[in-house]
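Contents: one structure, followed by commentary.
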Amino acid sequence: MSSQNNISSAIADAQERARALDRDDPLAFTRNEFNIPTKSQIASTRLPDSATTKAGSGSDDGAADKCVYLCGNSLGVQPKRTQTRINQYLSTWATQGVQGHFKPLEESPLPTWLDADEKAAQLIAPIVGASEAEVAVMQTLTANLHLLMSAFYKPDINGKHKIMLESKAFPSDHFAVETQLRHHNLDPATSMITLTSPSSPEDNVLTTAEILAAITEHASSTALLLLPGIQYYTGQLLDIPTITAHAHSHGVFVIWDLAHAVGNAPLALHDWGVDAAAWCSYKYLNAGPGCIGGLFVHERNSAVPPPVEEVAEGEGEGEGEGEDYANRLAGWWGNDKRTRFAMVNRFRPVPGAAGFQLSNPSILDITSLSASLEVFAEAGGVGALRAKSLRLTAFLEGLLVGEGALVGREERALFRVITPRDPAQRGAQLSLKLSGGLLEPVMRELEKRAVIVDERKPDVIRVAPAPLYNTFEDCVLFVVAFAEALAVARKEVAV
Ligand SMILES: Cc1ncc(COP(=O)(O)O)c(C=O)c1O
C-alpha cells in the first residue's frame, strides 16, 4: 500500500468493516457501562465542576466525541456504576457508622463490611479459575508478592536457595526478589537467576522451551520461580500450565505475577496446579488507580492442621501447631473468623487464601472493584470477553501490518510488532517498537489526535483494545492517527 489514494480507500473500507463488526458484536452493550473520556475532557487541564462528574454523565455524548482509549493495560476506564456503588457505601457509613460492619440494609446491593472480602473473592474466583477459598482480595500487587515469598520461599543455602525471574521483569518484581534475598541474608549476585532469551536478546521474548531448559539447568539450586502471566513490555502470554508442571517436576515453587493477565486472558489457576499468584485490579479489572489487589494460593498450599488444644488441652501450647503456616507474615484479618474477635494472641489462620490477609480491607477499594466485577459477570465472564479480544487484537494487527494495512510503506518501516504474532501467545495488547527517537514526537501527535495509549521508554508503544469497552472502530481510528503521527515524527527526526 503506497499511494495516498489507496490508503484513503483502505481507510474507508476498514471503517465500514469496523462498523459492521461493532454492529454485530454481542458484547457491544458493555461499552455503555463505562465512562470513556471525551476528547475535550482529556484535553482539559481543569477539574470539571460537580455537574459534569455525576455518575454516568458525559458518557452518552455521540461516539465521535470520545477519545480513543486503548490503555486498559495500564489503567482501565471507570465503570459508570462505580460512582453509584461508592455513593451507596458512603451513605451506609454516613448513616450507620460502625454498624455498617455487621448490619445488612434492606435494598442495599452491598454486603456488610465484615463480609465484603468474602463477597469480592466470590466475584474474582471465576476470573482466575479458582475456588472461592483459593483467592483473597487484599493489599496490592507488590505487597502480595512479598507476602507470598515470605510464606513459601524457604531457602536452603546448601541446596535450593535461588530465585529465578526474567532479566527484564517489571522493576517492582525485580526489587521484591532482590530484597527478599537480602532479607534472608543472601546475595542476589549468587542467589538470583535472571533469564535472557538466547533467541530474542533484544526484546527478551522467552520461548517456553527456553524457560523449561533454564529450570532444568538450575533445578538443583533453585527454590522459586517468579514469572509474569503476560509480560508487561512485550505483551507475551506465557504457557502457565506447561511451565508450572515442569517446575514442579523439579521441585521448584512457582509464583505468577498476573498484573496483565487477570481479566484479559482466561486463567485456570486451580486446574493448572499453580502454586500461588498475585495481581492488581486497576488494569483490565477497571477498579481504579492503586485499588486493592488479590492473590491465589492453591488449596494444597494453605491447609491448616487441627488445633493442638483439641488433642491435649493446655498442654504444650502451640507445639506442633502452625508448622505448615509458620513462615507466613500474619495479621488479625487472616485469623480464623470464629476466633478473630476473641482477641486471643494465638494465630490460627482461616484455611485457604483468606488466611494470608493482614488487615481489615479498605471497603472503599472493595466497593470499587466489585462494581467493575459486576460488569464482568454481566458480560458472561472472561471466556466471552476473550473471544471478542482475539478478534479485536487480530483486527488491529491487520490494520497495522496485514494485507490491508492503513500505514504507508515509509511509515511501516518505522516500527515493528514485538508481541508474539500467535494469538494464543498474547492477550489484548500489541507492543510496537519504534525506530530510535520517534517515541516522543509520536506520543505527542497521538495526544493531539485524542488517542490514549501508553509508552515504555525508550521506544515502545503499548496498544490494548479492551473487549469490555473498546470497539473495532477504535482500532481504525488509532491506526489512522498512528500513521499520521509517524509521518510527522519521521520528518521531524529525519529517519
Ligand atoms: C507486571 C507488574 N508487576 C508489578 C507491578 C506493580 O504493581 P503495584 O504497584 O500494584 O504493586 C505492575 C504495575 O503496573 C506490573 O505491571
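Placement of Cβ uses the backbone N, Cα and C atoms for every residue, glycine included.
TrEMBL labels come from automatic prediction, so no person has curated them.
Feature annotation from TrEMBL assigns region 'Disordered' to 1-61. As annotated by TrEMBL, compositional bias 'Basic and acidic residues' applies to 14-26. The compositional bias 'Polar residues' annotation in TrEMBL covers 32-44. The domain 'Aminotransferase class V' feature in TrEMBL is assigned to 78-301. The feature pyridoxal 5'-phosphate binding site is assigned by TrEMBL to L141, T142, F170, P171, S172, D173, D257, H260, Y282, W332, N360. As annotated by TrEMBL, N6-(pyridoxal phosphate)lysine applies to K283.
Location within the structure of each feature annotated in TrEMBL.
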residue: L141; record: pyridoxal 5'-phosphate binding site; CB count, 10 Å: 23
residue: F170; record: pyridoxal 5'-phosphate binding site; CB count, 10 Å: 19
residue: S172; record: pyridoxal 5'-phosphate binding site; CB count, 10 Å: 15
residue: D257; record: pyridoxal 5'-phosphate binding site; CB count, 10 Å: 28
residue: Y282; record: pyridoxal 5'-phosphate binding site; CB count, 10 Å: 23
residue: K283; record: N6-(pyridoxal phosphate)lysine; CB count, 10 Å: 27
residue: N360; record: pyridoxal 5'-phosphate binding site; CB count, 10 Å: 15
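The two recorded residues N360 (pyridoxal 5'-phosphate binding site) and K283 (N6-(pyridoxal phosphate)lysine) have their Cα atoms spaced 23 Å from each other.
Not one of the recorded positions listed as Y282, K283, N360 brings a Cβ under 6 Å of any atom of ligand 1.
Spanning the listed pyridoxal 5'-phosphate site, residues L141, T142, F170, P171, S172, D173, D257, H260, Y282, W332, N360 have a farthest Cα to Cα distance of 31 Å.
Taking the Cα atom of each, S172 (pyridoxal 5'-phosphate binding site) and the residue listed as 'N6-(pyridoxal phosphate)lysine' are about 16 angstrom apart. When DSSP labels each residue, the compositional bias 'Basic and acidic residues' (14-26) comes out as 10 helix, 0 strand, 3 coil, counted as helix, strand and coil in that order.
Residue counts for the compositional bias 'Polar residues' (32-44) under DSSP (helix as H, G, I; strand as E, B; rest coil) come to 7 helix, 3 strand, 3 coil. Taking CA atoms as the reference points, D257 (pyridoxal 5'-phosphate binding site) and K283 (N6-(pyridoxal phosphate)lysine) are 13 Å apart. According to DSSP, L141 (pyridoxal 5'-phosphate binding site) sits within a helical segment.
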